[in-house]
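Peer 1: My questions all concern the structure below.
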Amino acid sequence: MRASYLFTSESVSEGHPDKVCDRISDEVVDLFFREGPKAGIDPWAIRAACETLATTNKVVIAGETRGPASVTNDQIESVVRAAIKDIGYEQEGFHWDTCDIEILLHPQSADIAQGVDALQPGTNKEEGAGDQGIMFGYATNETPDLMPAPIFYAHKILRLISEARHSGKEKVLGPDSKSQVTIQYENGKPVGVREIVVSHQHLVEDMTSNQVRERVEPYVRQALPDGWITDKTIWHINPTGKFYIGGPDGDTGLTGRKIIVDTYGGAAPHGGGAFSGKDPTKVDRSAAYASRYLAKNIVAAGLADRCTLQLAYAIGVARPLSIYIDTHGTGKVSEDKLEKAVAEAMDLTPRGIRSHLDLNKPIYARTSSYGHFGRTPDADGGFSWEKTDLADALKRAV
């Protein structure tokens with residue numbers, strides 16, 4: 001590894017057009033998990049693959065589902081409008097109350113279902129993966145949440161501004177925003193910030209870039225460690241000069257287009273599959289969560305300072321095809337021992353992952369912005385993959 005280098009990651013807010021779509025797609029997944037038990041449907045049987053497009057005063061939702069008939073289009077529309085309202089869109093070109101919502105959901109393909117569903121108890125067929133693919137998890141001890149510093153702080157900047165906006169403290173700022181942070185590394189450790197970019201929608205049309213900077217700079221400074229911002233740090237706040245038209249009215253959004261923002265900011269490989277809108281039979285989502293969980297627990301256990309972990313699956317096949325670990329020269333034990341240890345410590349079949357991480361719940365809308373990783377586990381089971389409760393078992397296994 002190079003001793004001195006710069007690395008950059010970006011984040012986007014919940015009002016970014018693609019994130020609006022991620023939120024809507026995950027609200028649909030949560031709706032099916034909430035309503036299923038009320039209708040007597042086993043949560044294990046719920047299926048959802050939901051894609052969303054949002055543009056000027058228009059939302060289109062399409063995909064495949066399996067769940068309670070009680071989930072009607074009217075109910076879905078109500079959930080979607082509530083989500084858009086919560087994000088904060090009440091502008092002429094995209095308003096939660098007046099935008100047109102088109103819903104094009106249909107039953108899951110029987111061909112897919114037969115490869116994924118387990119047979120009845122007592123048979124020998126396990127629940128298979130919902131698709132083929134590769135998934136990566138990553139952890140590093142360079143931040144308290146064991147996330148890479150650039151994406152960690154890019155998220156933190158926007159979350160602080162969002163909290164201020166929702167509280168009413170920053171009423172002139174709109175929902176749509178982006179951040180980007182260039183971190184200086186010395187001896188492989190983050191030590192400062194070279195460049196800061198924040199582009200933030202404003203609701204007063206004639207606001208200047210300097211006026212927007214006056215609003216956002218305190219939150220940037222609050223987000224970053226003391227001493228990281230110096231007189232050499234270069235600021236780019238609304239560098240185009242104006243950001244009044246925002247959200248899906250300014251730029252069409254789609255589900256699943258911010259997969260690097262959702263994960264590690266480019267500091268680790270990505271298998272290519274998006275998360276939002278997918279129930280946990282889709283290993284794009286659940287196995288990526290399991291990969292992060294295992295990598296984080298390896299680092300939390302002190303078995304490595306950095307860890308990249310890959311899982312691979314085939315559709316209809318329960319067991320992972322391969323497990324690969326790279327500790328980037330920081331491991332305290334060999335990678336092959338760690339690969340054996342994680343396989344022993346956790347059932348990595350799709351059903352095993354869903355059970356271990358308790359994923360058959362309405363816990364997904366909250367993941368749709370500010371990253372799926374580096375978050376605090378919730379009491380109701382949200383962000384369960386961020387727990388470090390496997391660390392002791394891994395230490396014993398090696």
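For all residues, glycine too, the Cβ spot is worked out from N, Cα and C.
Sharing the feature lines straight out of Swiss-Prot:
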BINDING   HIS16, ASP176, SER177, LYS178, LYS242, PHE243, ASP251, ARG257, LYS258, ALA274, LYS278  ATP binding site
BINDING   ASP18  Mg(2+) binding site
BINDING   GLU51  K(+) binding site
BINDING   GLU64, GLN108, ASP251, LYS282  L-methionine binding site
REGION    108-118  region 'Flexible loop'
Peer 1: Whole-number Å distance between the CA of HIS16 (ATP binding site) and the CA of GLU64 (L-methionine binding site)?
Peer 2: 25
Peer 1: Could you check which of the binding-site residues GLU51, GLU64, GLN108 is the closest Cα neighbour of ASP251 (ATP binding site)?
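Peer 2: Of all the candidates listed, GLU51 is nearest in space.
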Peer 1: With DSSP assignments reduced to helix, strand and coil, which class does GLU51 (K(+) binding site) get?
Peer 2: strand
Peer 1: What binding-site residues among ASP18, GLN108, SER177, LYS258, LYS278 are found with a C-alpha within 10 angstroms of that of the residue listed as 'K(+) binding site'?
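Peer 2: The binding-site residues close to the residue listed as 'K(+) binding site' (Cα within 10 Å), listed in sequence order, are LYS278.
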Peer 1: Among the binding-site residues LYS242, LYS282, whose Cβ has the fewest other Cβ atoms within 10 Å?
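Peer 2: Fewest other Cβ atoms within 10 Å, among the binding-site residues LYS242, LYS282, is found for LYS242.
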Peer 1: Report, as a single number, how many Cβ atoms besides its own are within 10 Å of the Cβ of ASP251 (ATP binding site).
Peer 2: 14
Peer 1: Provide, as an integer number of angstrom, the distance between the C-alpha atoms of SER177 (ATP binding site) and LYS282 (L-methionine binding site).
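Peer 2: Per the Cα atoms, SER177 (ATP binding site) and LYS282 (L-methionine binding site) stand 30 Å apart.
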Peer 1: Measure from the Cα of LYS242 (ATP binding site) to the Cα of every one of the binding-site residues ASP18, GLU64, GLN108, LYS282, then give the nearest.
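Peer 2: Given the candidates ASP18, GLU64, GLN108, LYS282, the nearest one is ASP18.
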Peer 1: Long-range same-chain neighbours of LYS278 (ATP binding site), Cβ under 8 Å, sequence gap at least 6?
Peer 2: VAL29, ALA48, ALA49, CYS50, ASP284, ARG285
Peer 1: Listed binding-site residues are ASP18, GLU64, LYS282; which of them have CA atoms within 10 A of the CA of LYS258 (ATP binding site)?
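Peer 2: Within 10 Å of LYS258 (ATP binding site): ASP18.
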Peer 1: Using DSSP, would you call SER177 (ATP binding site) helix, strand or coil?
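Peer 2: Looking at the DSSP assignment, SER177 (ATP binding site) belongs to a strand.
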Peer 1: According to DSSP, collapsed to three classes, what secondary structure does GLU64 (L-methionine binding site) have?
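Peer 2: SS state of GLU64 (L-methionine binding site) = strand.
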Peer 1: Fewest other C-beta atoms within 10 angstroms of its own C-beta: which of the binding-site residues ASP18, GLU51, GLU64 fits that?
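Peer 2: The binding-site residues ASP18, GLU51, GLU64 were compared, and GLU64 has the fewest Cβ atoms within 10 Å.
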Peer 1: Look up LYS242 (ATP binding site) in the DSSP assignment and reduce it to helix, strand or coil.
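Peer 2: DSSP assigns LYS242 (ATP binding site) to coil.
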Peer 1: For the region 'Flexible loop' (108-118), provide the mean pLDDT of the predicted model.
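Peer 2: Reported value for the region 'Flexible loop' (108-118) is a mean pLDDT of 64.
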